[in-house]
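Q: As listed in TrEMBL for this protein:
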ACT_SITE  E181  active site, proton donor
ACT_SITE  D317  active site
ACT_SITE  E435  active site, proton donor
ACT_SITE  E495  active site
BINDING   T584  Ca(2+) binding site
DISULFID  C392-C421  disulfide bond
SIGNAL    1-26  signal peptide
Amino acid sequence: MATSRRRWFTVALLLLVVASLWRGLASRAWRLPPLPATPGTPYAAPPDDDFIWRRLKHRYPVTSLRPLPTAGADALPGVQAHFAAEAPERKQQRLQRRDAIRAAFVKSWTAYKEHAWLRDEVTPVTGQQKDTFGGWGATLVDSLDTLWIMDLGADFEAAVDAAHRSISFATTQAHTVNVFETTIRFLGGLLSAYDLSGDARLLAKARDVGHMLYAAFDTPNHLPVTRWDLHAAARGEAQAAHASTLLAEMGSLGLEFTRLSLVTGDARYHDAVQRIAELLAAAQPATKVPGLWPILVDAAAEDFDAGADYALGGMADSAYEYLPKMAALLGQGAGLYADMYARSVEASRAHLFFQPLTPTGEAMLFPGVLHASVTDGLVETRLETSAGHLICFTGGMLALGGRLLANATHLDWAAKLTRGCLWAYDSLPTGVMPETSLLAACPDAASPCAWDESVWHAAVARAQPPGEARATIRDQRLPPGFAHIPDPRYILRPEAIESVFLMYRTTGDPRWQDRAWAMWTAIDALTSTPLANSAVWDVNTPAGEAPAKADSMESFWLGETLKYFYLIFSEPGLVSMDEWVFNTEAHPFRRLRGGTVGV
Ligand SMILES: *[C@@H]1O[C@H](CO)[C@@H](O)[C@H](O)[C@H]1NC(C)=O
């Protein structure tokens, strides 16, 4: 997954609490009775026509739909490498590693089953339950395809049955929902499990959530309300897209909505996201930083250059990630998505990429955050050389895009971006990268430089004024090259292993598997609890000391992190990238093949 979607979600939650004070009572009007509390109790779904989101009459129905997409005429280049034969010892070691990951999944899944069945999350230290994403069983739905991939058949069947009987998108205790999060986790999870298993119960549930989410697009300009009061929508109140919308939340709905249209034959979902893509494409050459869109866009005015901060990381991330992934899904090596992707990569190199200053001088890259300002018509920019964990998906994005477009330069940058994150993992005493960091950078973004302590100290002084750099480094135990660690948590995120996985599948080089195993042993040692695995507060804890656990395990631990770890130690043909493309929550969808039409 990606996105600081997560961090903003906390801010949004605070706002929601306030909003709920005056919205709460009225919003109950349309609700069906709450779900049965007892796990396993059958839930009688209302007849199809009664489903609130199918019954709802849209105020602004779309009259002319974009046609269903078809694959490009030519087959795309292969994404996966040709894998050399594996030595017997190597295979044995790989299978041991794979089984260790599977055991970790079973442990966390069992904790969820026993303590939080059908709720959004289990708390991995105290064994409590909480609802963070609408109360529709986020962990259950996010785990469906992982259960299938790990061949946990009985658990898969039990989870499908529970989703079918006991999860209803006709009711929620949440006052508003995040349309993006609901799309990538619930719609993505259900569609992916359907694509893998062909179980019609999953498609029916995916249609339900699709119907619900489509109501968020019922606005005058057909752009979605991303932080959505679904109760107001269900009462038929008028709604409009927001002037302040995060790029990631507007631009990362394409894969799920398009796949839903392809498997149902209902063109409305694809139409809804195609309109967004067309607006993005029209705006891309003419922003303050041509090729990139800012983190903040104005969906009400359709202004895709509203903000002044440009980045590939949190709050923007998956909008970029979905460009090559849409090309992969649709089998289109040229056209709307491939072109937007190529332009965004070129602009990222010119404006965002930097080489961090490190003791070894190894060639690596990070994309920073560009702050732009306009004075007298002139655009001035300043690059913040930051490195959030969320940025670590970029190596994988360029690996996929580089293979699809047969561009060796992208593949070179993919390796450098992935090595940057591995260096950040290795730099911390716990062997795990922090949530956010500021880094010292080499003067030339394109090439590594020799270690220079005074450059590092100057970066520390700039990042944390006033204060004496040496004292700051000592007091905060800053690793060499790090100027500041504003948020030292690790919250079980997948982005780094995601890129290592893609590097492995696209190069076939088994050294990426060894890097993955080193990451795994560090992560498991840091986060393991008797029940499951937990986010931790401080990865910069001295070796030998255990940092405090945050008692949180977001659904992406089972949906993404453990899936990528498992797949890198599996046969490369299991969920081949030549047949599947992962959404930003690591849910694989079946790709259209060149020359084919429909599913
Ligand atoms: C490959 O990508 C680089 C960087 O975006 C670009 O400059 C170059 O023209 C591309 N090469 C081809 C053959 O498209």
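Glycine too: its Cβ is placed from the backbone N, Cα and C atoms.
TrEMBL: automatically predicted annotations, no manual curation.
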Q: Using Cβ atoms only, which residues of the same chain lie under 8 Å from C392 (disulfide bond) while being at least 6 residues apart in sequence?
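A: Listed in sequence order, they are L417, T418, C421, M433, E495, A496, E498, S499.
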Q: When the number of other CB atoms within 10 A of each residue's CB is tallied over all shown chains, which of the active-site residues E181, E435, E495 has the maximum?
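A: Highest number of other Cβ atoms within 10 Å: E495.
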Q: How many Å lie between the Cα of E181 (active site, proton donor) and the Cα of D317 (active site)?
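A: Distance (Cα to Cα, whole Å): 14 Å.
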Q: Cα-Cα, whole number of Å: D317 (active site) versus T584 (Ca(2+) binding site)?
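A: With distance taken Cα to Cα, T584 (Ca(2+) binding site) is 9 Å from D317 (active site).
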Q: What is the separation, in Å, between the Cα atoms of E435 (active site, proton donor) and T584 (Ca(2+) binding site)?
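A: Distance (Cα to Cα, whole Å): 18 Å.
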Q: Tell me, how many other CB atoms lie within 10 A of the CB of C421 (disulfide bond), whichever protein chain they belong to?
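A: Its Cβ has 26 other Cβ atoms within 10 Å.
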Q: Using DSSP reduced to three states, classify E435 (active site, proton donor) as helix, strand or coil.
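A: SS state of E435 (active site, proton donor) = coil.
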Q: Using all protein chains in view, find how many other C-beta atoms are within 10 Å of the C-beta of the residue listed as 'Ca(2+) binding site'.
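A: So the number of other Cβ atoms within 10 Å of the residue listed as 'Ca(2+) binding site' is 30.
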